[in-house]
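Taking it in order: structure first as structure tokens, then the write-up.
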Amino acid sequence: MNADALALLPALLRQRLRRDRWQLAFWILGTALLALFAAVAVADSYADETERNQILALAISSPAILILRGLPQGGGLDAFVFFEIFTYLALLAALMSTFLAVRHSRGEEESGRAELIASTPAARSLPTVATLVHGVLANLVLGAAVFAGLALGGMAVDGSLVTGAATAAVGIAFVAVGLLAAQFLRTSRGANGLSVALVGTAFLLRGIGDALGTPTGPLELQSAWPSWLSPIGWAQHTGAYTSNTLVPLLLDLALAAVCVTVVFVLQAHRDSGASLVAERRGRTDAAAALSGSFGLAWRLQRGAIVAWAAGGAAFGLLAGTLASLVEQAASQDAAVADSLQSVAGAGGSMTETLIAALFSFVGVLAAACATQAVIRLRQEESAGTAELLLSTPLSRVRWLVDYLALGVAAIAIVLVVAAAAATAGLLSAGEDVSLVGQSFATAAAQLPAALSYLGLLALLFVLMPKATVAVGWAFVAFGVVVGNFGGLLGLPDGVRDLSPFTHTPVVSAAEPDWGGGAWLMGVAVVAGAASVVLMRHRELNTA
Amino acid sequence: MDTVVEVSGLEKRFGRVRALDGLDLSVRAGEVHGFLGPNGAGKSTTIRILLGLARASAGTARVFGRDPWSDAVALHRRLGYVPGDVNLWPNLSGGEAIDLISRLRGGTADKTAFRERKQRLIDVFQFDPTKKGRAYSKGNRQKVALIAAFATPADLLILDEPTSGLDPLMEAVFDTEVHRAAAEGTTVLLSSHILSEVEQLCDRVTIIRAGRTAETGTLADLRHLTRTEVSFAVDGVPDAAAPASPDAVAPDARPAAAPGAAPASLQAAAPAPREAAAHRHAGPQSDLRDLAAALPGAHDLAIDAGRAHFTVDSDALPPVLEALARLDVRGLTVAPPSLEELFLRHYGDHPARPDPADRQAPAPTIPPTTDPRP
């Protein structure tokens with residue numbers, strides 16, 4: 001690469017910034033706000049150190065909880081916030097980074113735009129350099145924003161700086177991981193799937209490492225070796241607000257350097273558009289199932305549905321095994337049992353409460369799966385494949401109804417798989433059979449919220465097709481933040497009521513309130529029916 | 001029923017843009033109807049309305065006497081469609097996409113017959129059905145829609161620039177399949193911006209421009225619209241005014257040069273620039289006059305870079321060819337005009353070109369700029 005070509009770098013960078021400005025603003029602001037709200041809310045809810053110590057004692061006594069939090073570093077307020085929120089900040093940075101990397105590498109190659117750029121003096125490698133620089137810059141801004149959020153939330157400045165740096169380092173490592181994944185697979189969908197799986201593995205490895213950790217002092221743990229296999233684990237070892245060391249972040253940067261080197265070596269040896277994993281050949285004739293738009297919808301989404309269901313199974317299994325572990329801990333230690341009961345609130349056992357809490361995430365997965373079904377409909381329309389379908393004796397209404405039917409089926413699959421996994425976890429731990437019914441009831445309680453997502457987005461697809469994709473995912477993110485984290489973030493009830501997930505019936509409560517579920521079902525049915533009626537009058541909108 | 005497609009006064013507005021502005025179109029049963037127009041004339045918009053994918057803002061459209069918007073499903077049982085830009089499902093193979101469309105159209109009820117038709121079409125189009133949708137080139141994506149359209153018998157085929165991206169061999173296969181479908185009684189509406197394609201296939205033609213019907217009729221009716229371009233090397237033409245003796249010209253001695261051969265003969269025949277300039281000074285006006293006298297029916301005659309160019313009405317070509325044979329010209333090229341040139345000639349609204357009225361008479365002087373033609 002010579003200096004002439006390098007002079008083109010600013011142009012390529014500007015193009016990336018311009019394309020991503022809203023998307024990155026959304027990620028960065030969202031992550032920073034999560035940090036800010038967490039700091040404020042924790043300071044508000046757990047101002048008393050004995051309360052924080054109670055929670056930490058509970059977590060250490062049933063280590064599986066640590067998988068969903070972090071590594072306890074004592075009962076100090078700032079360290080407690082880091083324990084509660086850092087792994088999620090790292091998770092968001094990692095996802096933002098892999099999506100960014102794949103979007104500007106494999107995504108461009110798949111669409112053919114990369115070829116257009118590669119035919120200029122920028123050639124094949126400069127765009128990758130630009131993507132790398134763009135990703136690093138985005139993560140530096142993200143790190144600064146996280147620092148600002150925490151510092152504004154009243155946290156110590158030095159620890160907040162370390163947290164910001166740790167978040168950025170995780171992100172930079174995953175920019176490189178995303179670029180590497182893009183070298184292997186032919187499609188951006190595949191590269192994104194592989195990247196998300198790697199991010200999930202990194203999160204899980206550090207979770208297992210934390211769960212198997214050994215106590216080093218009161219309410220302090222040292223994580224086990226699996227945590228040292230994870231870029232998120234390395235970042236946790238900075239011990240922000242306690243030991244405040246940046247040295248482990250060198251591991252993140254070293255990983256990034258290794259991945260980037262491999263990326264450039266691979267790219268120098270492969271054709272533009274080619275991939276290391278070759279594409280399989282397809283069938284000559286279609287299977288019998290592929291004979292209508294329902295069959296097509298299933299065929300196009302089965303991979304994604306399996307992935308969402310696998311996520312549901314993971315949460316279900318976690319709920320099943322965690323529940324029995326917690327009960328064991330409570331039966332051995334009266335103090336733990338007390339704090340458990342205070343967390344669980346009145347009515348319902350701790351086990352039931354835990355199942356309910358974990359299944360609220362299963363509900364989110366089901367809603368995301370439903371959202372994807374409608375987004376697929378819009379993608380068919382904008383890509384032009386819908387035009388081929390609708391030139392056959394397939395009516396617009398039937399087309400919509402088939403995709404909605406698939407959405408309902410996908411929701412059911414995710415929920416049933418999660419409930420079955422929870423059952424397996426409970427039974428293997430020798431739990432009472434009555435809890436099996438409980439886990440299925442809890443899964444069923446997630447149905448209304450997921451269906452309301454399906455119906456409302458279908459209506460949006462009919463009325464404002466161009467907004468479907470952006471609003472669809474934004475609505476899921478909004479629902480999660482406001483509904484599932486609304487309590488942690490201390491949002492007022494009026495705001496929390498805007499999320500469908502807030503109205504999901506809590507089966508573990510002494511007297512479950514099914515009214516919210518009925519309302520959600522009503523919304524889902526009315527919106528779904530309206531979308532079907534209005535679809536009759538809608539033109540195909542390929543723009 | 002005599003008329004399969006009946007469109008009158010069709011309008012389609014997108015905001016303030018009028019994509020269609022009072023279009024009329026009539027396709028009779030059993031005919032292959034050419035639907036011609038430059039890019040952006042409104043061909044695809046018309047077809048989307050005929051398919052019930054878009055709704056007319058005003059005017060009427062009838063297919064088999066029914067409203068395509070409200071009776072879409074019933075109408076679609078009788079028709080096949082090929083879009084101009086075929087998009088496939090990235091993770092479905094070409095074979096799967098063909099089967100899916102055919103099943104939706106109800107063409108697979110007789111499985112054996114369908115399999116035979118599909119296999120025959122895959123063979124003639126030399127198509128590999130096992131690749132994934134994203135791996136196909138433009139021409140191969142087009143083949144998927146073509147095979148799906150021809151594999152199920154239809155009463156009406158709507159083809160929107162169906163040969164875009166196909167190579168000439170495949171265009172010939174396409175022509176054969178359209179003829180085969182027409183012989184089976186299928187009505188065909190073929191949209192195109194390639195005049196030669198329409199000339200080969202169509203019984204009648206409708207030409208649209210800026211959302212309105214400009215001309216409609218049989219090809220013979222429209223003969224006055226088509227003009228063939230002829231050019232040859234001036235150098236070596238004997239005294240233009242003196243007719244060569246008939247026995248000196250063997251009919252097969254110098255057939256019209258294939259387009260590919262033209263550059264070589266051009267190089268051989270074209271004089272060096274300085275010589276050409278001298279040649280012009282020697283009396284281009286008299287050369288032109290002589291040539292014009294020797295070539296009856298030649299329009300827009302001009303000499304440029306050692307080559308004479310002129311156009312001739314397509315139905316007046318034979319006498320001109322005879323005259324050219326008598327002149328014993330070298331490096332002869334004969335090319336049909338592109339539709340765009342046709343439009344410029346008849347509805348000329350291109351500011352960079354001379355007024356079409358001026359081009360009716362032989363050009364009095366040599367064009368000062370280089371000619372884009374070969």
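Even glycines carry a Cβ here, placed using N, Cα and C.
TrEMBL annotations: computationally assigned, not manually curated.
TrEMBL assigns the feature transmembrane segment to one of the listed ranges (A:54-73, A:194-213), namely A:194-213.
The stretches the transmembrane segment (A:79-102) and the transmembrane segment (A:161-182) meet in space: the count of Cβ pairs below 8 angstroms, excluding pairs fewer than 6 apart in sequence, reaches at least three. With pairs at least 6 apart in sequence, the transmembrane segment (A:305-326) and the transmembrane segment (A:161-182) have fewer than 3 Cβ pairs within the 8 Å limit; the two do not touch. Most Cβ pairs within less than 8 Å of the transmembrane segment (A:470-491), among stretches A:132-155, A:305-326, A:354-375, A:403-427, belong to A:354-375. Sequence-distant contacts of the transmembrane segment (A:439-463) (same chain, six or more residues past either end, CB-CB distance under 8 Å): 316, 319-320, 355-356, 359-360, 362-363, 366-367, 369-371, 373-375, 377-378, 400, 404, 407-408, 411-412, 415-416, 418-419, 422-423, 426, 471-472, 475-476, 479, 500-501, 503-508, 512, 516-521, 523-528, 530-531, 534-535, 538.
Proximity of distant same-chain residues to the transmembrane segment (A:305-326), defined by a Cβ-Cβ separation under 8 Å and at least 6 residues beyond the stretch ends, is recorded for 62-65, 67, 193, 340, 350-351, 354-355, 358-359, 361-362, 365-366, 368-369, 372, 410, 413-415, 417-431, 435, 439, 443.
Taking every listed stretch (A:24-43, A:132-155, A:194-213, A:516-535) in turn, the largest tally of C-beta pairs under 8 A with the transmembrane segment (A:403-427) is reached by A:516-535.
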